[in-house]
């Protein structure tokens, strides 16, 4: 057993079987329960990152002034920005560890599926990784059916005449939620783009373009990868993205989705940044107030 399996894959296998036994012996429900438990466990690590992003938003005017003051000199702009963060006690990289852990867990889950599906003996291969109290009885079977899915197989469907499979519902939902969570988590792209256009160097434009493209690149990667890997991975990524989107929304509101929501007329101004439906009476009152001020 290699070090990665010992540190990550084996604990993951035991955690899954623990939730499998608790949640009615269904591997799909076990993945959902275990994913949510992991996200709750990592919440104390992700909160500092979200708090930092919220504070950066508050100081955005000052940061824009720094960029304009040092436009054309990327090095000085970065040094001034780093000093500003230090003075304000902001650490933009505080969220790296939990997100890296999520990637490691995804790799460990893939490693687990690859291990237990080697020769079709799922129970036997699981038992190689399980601690004695959680080992499964010989001759028993694991329920890998979840809704319409076999968790150990890709979530795809085929159309006659097409040479490639089409992503299934779970994969599409995982990609969509990943896009939404990334969009919510990046509320400053439009402001950064305006500042980048005002600079004399193309570096800011490149950085901003990369930041924007990542919102679309990772969901597309989820679609392409999802058709070739067990649907259990897509289910885990779906729950991860859902929890992340909710957590980010509770922290800073709709973020990058705000312009879309306003175009659809489903959000108004709010003191805490959270979704607030426009009030027709409030609109009338505002109009009345404006007309009264105009007459005076």
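Keep in mind that glycine also has a Cβ here, set from the backbone N, Cα and C atoms.
Over in TrEMBL, the protein carries these features:
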- 25-45: transmembrane segment (TRANSMEM)
- 28-249: domain 'Membrane insertase YidC/Oxa/ALB C-terminal' (DOMAIN)
- 96-117: transmembrane segment (TRANSMEM)
- 164-185: transmembrane segment (TRANSMEM)
- 215-239: transmembrane segment (TRANSMEM)
- 275-296: region 'Disordered' (REGION)
- 285-296: compositional bias 'Basic residues' (COMPBIAS)
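Sequence-distant contacts of the transmembrane segment (96-117) (same chain, at least 6 residues past either end, Cβ-Cβ under 8 Å): 4-5, 8-9, 12-13, 16, 38, 42, 45-46, 49, 125-126, 128-129, 152, 229-230, 232-233, 236-237, 240. Summarising model confidence by region, the domain 'Membrane insertase YidC/Oxa/ALB C-terminal' (28-249) averages a pLDDT of 77.
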